[in-house]
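Undergrad: What TrEMBL lists as domain 'Major facilitator superfamily (MFS) profile' is 90-508. The transmembrane segment annotation in TrEMBL covers 21-41, 146-166, 231-255, 261-279, 337-355, 367-388, 395-414, 420-443, 455-476, 482-503.
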Amino acid sequence: MADYETATAFLGEWGRFQREVFFLLCLTVFPNGFGGMYIVFVADTPAHACLIPAHVNLTAAWRNSSIPLEEESHSGAPVRSKCSRYSLEALEAFSDRGLLPGLDVDLSNVSTERCLDGWEYDRSVYTSTIISEWDLVCDNRWKKPLTSSVFFCGVLAGSFISGQLSDRYGRKIVLFVTLAMQTLFTLIQVFSPSWTVFCATFFVIGVGQISNYMAAFVLGTEILGRGVRTAFSTAGVSLFFGAGYMVLPLFAYFLRDWRKLVLGLSLPGFLFVPLWWFIPESPRWLLSQGRVEEAEAILRDAAKRNHIQPPAVIFCPSQVRSQKAHNICDLLRVRNIRWISLTLWNTVSIAYFALSLNTANLHGNAYFNSFLSALVEMPAYVLSWAMFRWCSRRLSLFSTLFMGGLFLLFIKLIPADRIYLAITFEMMGKFAVTTAFCIVYAYTAELYPTVLRTTAVGACSMASRFGSIIAPYFIYLRSYSISLPYILMGSMMALSGLLSLLLPESFGMPLPDTIAHMQHFPGRTTRLNTEEEDDMKCTSSLAG
């Protein structure tokens with residue numbers, strides 16, 4: 001099509017049709033705010049110690065002293081061991097002889113053993129988590145970060161598959177199929193009999209979550225006009241995502257058992273079934289497939305909703321031809337994809353998910369910290385819209401990434417007793433990386449053409465999932481040094497901010513429909529193949 005936006009300008013920017021599409025597509029993103037992130041509460045580790053069986057014949061004094069004290073790695077204060085206990089055989093012998101711990105017996109000379117009878121967990125915060133149910137502590141504590149990584153492996157697979165399916169079969173069908181997938185497997189996860197089954201369902205949930213998000217994101221980007229598109233792709237979907245994230249700690253506060261929490265979070269997904277009859281397919285995508293009649297039917301219905309008389313002919317069939325089928329291999333020939341994936345998506349993915357998953361480790365109430373982490377995202381989304389509306393894309397990414405990196409690096413300089421100051425800087429870093437994450441999604445959708453847009457966003461997202469997969473292990477580094485994760489994330493963000501200045505500028509540019517229309521790096525050109533050159537000449541002649 002010579003100029004899709006000119007041909008559809010008769011619809012206006014903000015009629016009833018656009019408002020319905022804007023709101024309903026944003027609504028489909030709402031469950032993604034708590035989908036996956038509920039692992040913060042479902043896999044939180046309660047205070048625990050070795051279980052001393054009730055049948056063991058010990059006096060009260062020896063039962064109270066059955067767990068050795070260890071020096072806490074962070075503060076150096078003595079705490080009860082989580083993975084060992086004094087030998088019960090030795091303790092029973094001392095108890096039978098009437099000896100007292102610490103007075104008659106030097107406990108430092110008593111042998112220790114592993115938690116052979118399991119663990120007892122503090123139930124004051126959680127009734128049950130997957131950690132307490134399947135004893136994912138001590139020798140099995142490596143399974144906790146792996147659980148989150150399995151989810152992000154699903155997100156990686158979904159990013160790879162759904163983009164190509166969406167570009168081939170349509171945005172709408174992928175949106176609703178993956179919404180159903182996410183809802184059903186979240187419900188199935190409630191009945192997981194083991195950690196392995198939990199992880200298997202979590203993988204599929206990850207596939208569904210990223211797939212429906214990308215489909216909704218691209219669908220709105222293609223249907224809405226330029227001004228509304230900016231608000232949708234930055235503040236719109238992000239604010240609804242943030243609202244879902246804010247609901248999560250409220251659900252978790254009242255549902256302290258992990259199975260009840262997951263069940264409660266799965267049920268809202270069934271409310272989206274009726275939206276199939278209200279959300280249309282992308283007319284822009286239909287045109288790229290040569291399905292002119294279907295595209296015109298959607299636009300005429302939109303004109304009717306907006307109380308506008310459409311022109312007799314919206315698209316001239318002689319000016320519309322279906323585009324050559326493209327796939328992810330076409331992207332690998334374009335330099336932009338490699339730079340955007342390496343410099344931006346991986347960095348923002350690591351920082352965003354690591355900081356989000358870290359809320360349970362912060363000082364204070366886990367529910368409040370999670371709510372605060374979600375709350376700081378809301379103004380970040382509004383800022384991303386303002387920056388995307390009026391500012392250069394490169395400068396927007398540079399400023400948010402570089403400042404976010406500095407905030408995280410400053411945490412290392414804060415004294416250990418200034419806990420709340422450290423949390424403030426961490427939230428400022430979360431604010432900055434959230435803004436950058438929101439901008440990079442919209443920026444990527446601007447750079448790539450209609451024939452490859454969902455595939456491109458999916459490919460960039462897929463590449464970034466290597467970052468999100470290792471994000472839980474950044475938090476795991478806290479066990480060696482509290483400041484180490486912040487140093488690594490802060491350095492990566494600051495460096496990526498500087499490298500973002502080398503990316504192409506798309507501010508004020510029309511949304512590309514073919515590969516030939518893509519923006520390229522400053523001072524670089526990409527050799528077009530014969531078909532792309534013909535497309536460029538055809539477009540120029542039609543525009544003339």
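Positions of Cβ are set from backbone N, Cα and C atoms, glycine also.
Automated prediction, rather than curation, is the source of TrEMBL annotations.
For each feature listed, report its degree of burial, its nearest neighbours and the pertinent distances within the displayed model.
TA: Beyond the transmembrane segment (21-41), the same-chain residues lying 6 or more positions past its ends with a Cβ under 8 Å from any Cβ of the stretch are 126, 129, 147-148, 151, 155, 175, 179, 182-183, 186, 202, 205-206, 209, 212-213, 216-217, 219-220, 223-224, 228, 231-232, 236-237, 239-249, 251-252, 258, 261-262, 265, 268-269, 272, 275, 278-280, 356-357, 359-360, 366, 370, 374.
Long-range contacts of the transmembrane segment (146-166) within its own chain (CB-CB distance under 8 A, at least 6 residues past either end) are made by residues 36, 39, 43, 130, 136, 174, 178, 195, 198-199, 202-211, 214-215, 218, 327-328, 353, 357, 454-459, 461-462, 465-466, 468-473.
Counting same-chain residues at least six beyond the ends of the transmembrane segment (231-255), those with a Cβ under 8 angstroms from any Cβ of the stretch are 22, 25-27, 29-35, 37-38, 40-41, 213, 216-217, 220-221, 224, 261, 264-265, 367-368, 370-371, 373-375, 377-378, 380-382, 384-385, 388-389, 438-439, 441-442, 445.
Sequence-distant contacts of the transmembrane segment (261-279), counting only residues of its own chain at least 6 positions beyond either end whose CB sits under 8 Å from a CB of the stretch, comprise 20-21, 24-25, 27-28, 30-31, 34-35, 38, 41-42, 172, 175-176, 179-180, 182-183, 186-187, 189-190, 219, 248, 251-252, 255.
Note on the transmembrane segment (395-414): residues 344, 347-348, 351, 384, 387-388, 421-422, 425-426, 428-429, 431-433, 435-436, 439-440, 443, 483, 486-487, 489-498, 500-501, 503 of its chain, located 6 or more positions outside it, place their CB under 8 angstroms from a CB of the stretch.
Here the transmembrane segment (482-503) has Cβ contacts under 8 Å with residues 74, 336, 339-340, 343-344, 347-348, 350-351, 354-355, 358, 393-394, 397-409, 411-412, 426, 429, 432-433, 436, 474-475, 521-522 of the same chain, all six or more residues outside its ends.
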Undergrad: Express the predicted model's confidence over the domain 'Major facilitator superfamily (MFS) profile' (90-508) as a mean pLDDT, rounded to an integer.
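TA: Taking every residue in the domain 'Major facilitator superfamily (MFS) profile' (90-508) and averaging pLDDT yields 83.
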